[in-house]
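The compositional bias 'Polar residues' annotation in TrEMBL covers 526-546. Residues or ranges marked as domain 'Ig-like' by TrEMBL: 138-241, 243-320, 334-423, 429-517. Positions annotated as region 'Disordered' by TrEMBL: 526-549. For 1-23, the entry in TrEMBL reads signal peptide. Residues annotated as transmembrane segment in TrEMBL: 559-582.
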Amino acid sequence: MDLPGLLCAFLLVVCCCCRRATGVPGEAEQPTPELVEVEVGNTALLRCGPSHSLGNLSHVDWFSVYKEKPTLIFRVRQGQGQSEPGEYQHRLSLQGPGALALTQVMPHDERIFLCQSKRPRSQEHRIQLHVFKAPEEPTIQASALGISVNSKEPEEVATCIGRNGYPIPQVIWYKNRLPLMEEKNRVHIQSSQIVESSGLYTLKSVLKVQLVKEDKDARFYCELSYRLPSGNHMKESREVTVPVFYPAEKVWLEVEPAGMLKEGDRVEIRCLADGNPTPPFSIHKQNPSTGEMEEERSTDNGLLVLEPAQKQHSGLYECQGLDLETMIPLLSEPQELLVNYVSDVDVSPAAPAGQEGSSLTLTCKAESNQALEFQWLREKTGQVLEKGPVLHFDHLKREIGGGYRCVASVPSIPGLNRTQLVNVAIFGPPWMASKKRKVWVKENTMLNLSCEASGHPRPTISWNINGSASEEYQDSERVLSTLNVLVTPELLERGAECTASNSLGRNSTIIILELVSLTTLTPDSSKTAGLSTSTASPHARANSTSTEKKLREQESKGVVIVAVIVCILVLAVLGAVLYFLYKKGKLLCGRSGKQEMERNTSI
């Protein structure tokens, strides 16, 4: 090597030695820094080298290095620490000879910290501080407008926002729990971030996807992945769905309730389609005469309500719609609607009647599209008399008269039935409950006399005395007449008679008026003595009027009382006689009496 080359090499060595001697931080080749990790708001412990060598450091300078520029922030002299003015002045404290505590760590504290010691020996240590902050729970907002499957490029599905994290978290999008990756013309994820005044990051990610019909129920959500000193973590947003618009491919008709329908039901005929949005519909029914489909009055959403459903609603129905996006007409398959029915019940004869002793036949008829069953019931008891359309009577009696109901029903469809009530009349002269009855009255009082009769034709009632009379028709065969009269001596002597008559004969009832004595008159009897009613019903034969029953009950009670008194008197007299004989010694009692009787017998 020549002389100039040797001189250059010597100068280079001298320069390097001078730089090391001056101790300017950051100038020489630096070793890998020590890593220290801490969460925002916590305290970071910075050590100036290995822990076993910290005890001998008495002269230390601490620097923060930001953009390769060191700034003195803390001095240690003879074990005493002193902060330098600046951003770290109030957050640094000495934790032993070679350790420094940095409190309330913030995102911009993420940098290199450098310590230099000169006594007892010269050394340098670099610390890389990493700061972490977990983001808030991610929020997600789905597109409210919806997405059409006919779109030529990916449309915005949802936006995910993660606030106040550090460093910037990673976002992953999912569809139906499967991660989505960027795919040309299919999936595009656009993310951006904002630095808040606190130094934390807010992440915004927009997912754009070209959707298909099968995505109508797809669930989307986003996941934020981030790291803390404790390890890797993640947070998930809620799941959202997006309206997906697609043309209808199929239209059909639905009837509720399902199963067999009957007259009187509430029936809904509804049009449905597999498109979104649902196209407007109209419902058409086939005209049985012309065979043409005619529009029925229904709502725009394709709903026809039949309430109540009737026989004439049966027929062939179909739905017609129009897809507003493609303007393609839509037509469903025709569907048959059957409303099961039972026609009005016809009973012949319509007004059945017959003479006592004759026979009578009632026939019931009805029509239905299903098999019918017939029953005959007695109206006043509900008893089933006959199963079948025919009810026959032999030897008609007055008691047979009354209402009978024919029921025509479809056993296979509960609740589908029709009924018809007819009244059977038995021709005969008027019938009255009794020929003669007695009524207890008080003289010079107003009295209401009642008389009831029945028969077919329905009879009329007349009285043999003058008074205010009124008639009340109980039904087509019974009549009740009430007469208001003053009880006079002439009336007591003459009595009253009511006569019922029709075209087939007449009948009468004699009413005997008896004065009520003061001993038999009770408060109730004075009120009811003037009321007398005879009834044409069968049970009236065994029962008298309410007044007669009360009087008889009073008479029977008096007889019982007298009988009891007589029995008591007889027993008292008998007891007295026996006692008298006992006192006179005439009555033999006990053992001595028995012995005396034996002696008398032997003599």
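Glycine is no exception: its Cβ is also placed from the backbone N, Cα and C atoms.
Assigned with DSSP, the residues of the domain 'Ig-like' (429-517) fall into helix, strand and coil as follows: 6 helix, 58 strand, 25 coil. Across the domain 'Ig-like' (243-320), the DSSP tally of helix, strand and coil residues reads 3 helix, 39 strand, 36 coil.
In terms of DSSP secondary structure, the domain 'Ig-like' (334-423) contains 3 helix, 48 strand, 39 coil.
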